[in-house]
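Trainee: Can you read through this structure? Questions will come right after.
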Amino acid sequence: MNTRKTLTLELTGIIGAALVAILLGIIIIYIVSEEPLTAIQSLLLGPISSAFNIGTVLNKAVPLIFTGLALAIVFQAGVFSMGAEGQLYMGAFVGALAALYIPGLPVWVHLPIIFLAAICAGAIFGAIPGFLKAYLNTDEIVTTLMLNFIAILSTSYFVNNIFKDPASGGYARMQYIASDLRLGRIVEGFTAHYGIIIALATVIVIYLLLYKTKFGYELRMVGQNSRFAHYGGISTKKIIILSVVISGGLAALAGIIEILGVHGTFKDYFSINLGFDGIIIALLARNHPFGVAVAALFYAYLQVGAQLMQGASDVPRELAVIIQVILVLLVSSQAIFTFLRQKYLLRQGR
């Protein structure tokens, strides 16, 4: 089966799964709600009902694009990292420190330093489980999950003590970052910030890296069959380490852009599972960069729709979580079916 036909089948399956999940969600709304039409309208049309809501969807999609890309890369390399959440926190924390405690620089110098500091923090934090995996064959799921706790709890300690803004009262946060260092709005009156442009540009860069370079080819080969790749002369250890380093840097970008574009400061527990949501995004996208962008926008659309639905009707926003779970289950089962079908065709010599 040629690549184009395979991609078409996968895309059709994912779109079908999304439609079925939404349909089941609508059925549930009709069962539990006394005003189902209002709830459905808010869920499906609310996110595009105003420029404010559209901007909110784009802003929510930005960190999901970065964490989705971060996990798509390591998954394509055959590394099942769960560490995007911790890398996101480390990037946001170190980037915020660079914004607050490096004085006297012009914006055009200071802003790249902030991003570089964040990327380095996430990359270094991501490299730890990479080295353990490559040289000690340590289970990366366990190590990355444990490192998440280290990142979240250590940054929580620092922001509650050493780096806490004295003016914040009982609220755990750093000082607010200077307004000229934050990511401004793309258009006046439109809530979307420049992070969406950075995110979409990154999608293109990662696509070129994965599918138009020797490194990307080697990474995908290691993910498909590491033993075959090793005997073919590819350094599997190098690929594993580089994949988690790049992944950590991308997750860190999610964190620092969320700080500069939305919060304006580092806040305790500011991320609500953005790193773990990236796993779902990568799964829905089949680890393809362009698919990550589409899946992140769809996921953000559901989140905003759920918030609007809760405010306009008697249906709680948790229904969106149900739709997301149904969607993941359907896409997962469709992926298993596709895998088994391809194995069958290979055995038949087709």
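Just so you know, glycine gets a Cβ as well, placed from its N, Cα and C.
Keep in mind the model is a prediction, meaning the values are calculated, not measured.
Annotation comment: TrEMBL describes 12-32, 52-75, 87-105, 111-132, 141-159, 192-211, 239-263, 321-340 as transmembrane segment.
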Trainee: Output the single range from 52-75, 87-105, 111-132, 141-159, 239-263 maximising the number of Cβ pairs under 8 Å to the transmembrane segment (192-211).
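Mentor: Stretch with maximum Cβ contacts: 52-75.
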Trainee: Any residues 6+ beyond the ends of the transmembrane segment (239-263) with a Cβ under 8 Å from its own?
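Mentor: Contacts of the transmembrane segment (239-263) (Cβ under 8 Å, skipping residues fewer than 6 from its ends): 59, 62-67, 69-71, 73-74, 76-79, 81, 83-85, 87-96, 99, 114-115, 118-127, 129-131, 133-134, 140, 177, 181-183, 193-195, 198-199, 202, 206, 209, 215, 218-219, 222, 229, 270-271, 274-275, 278.
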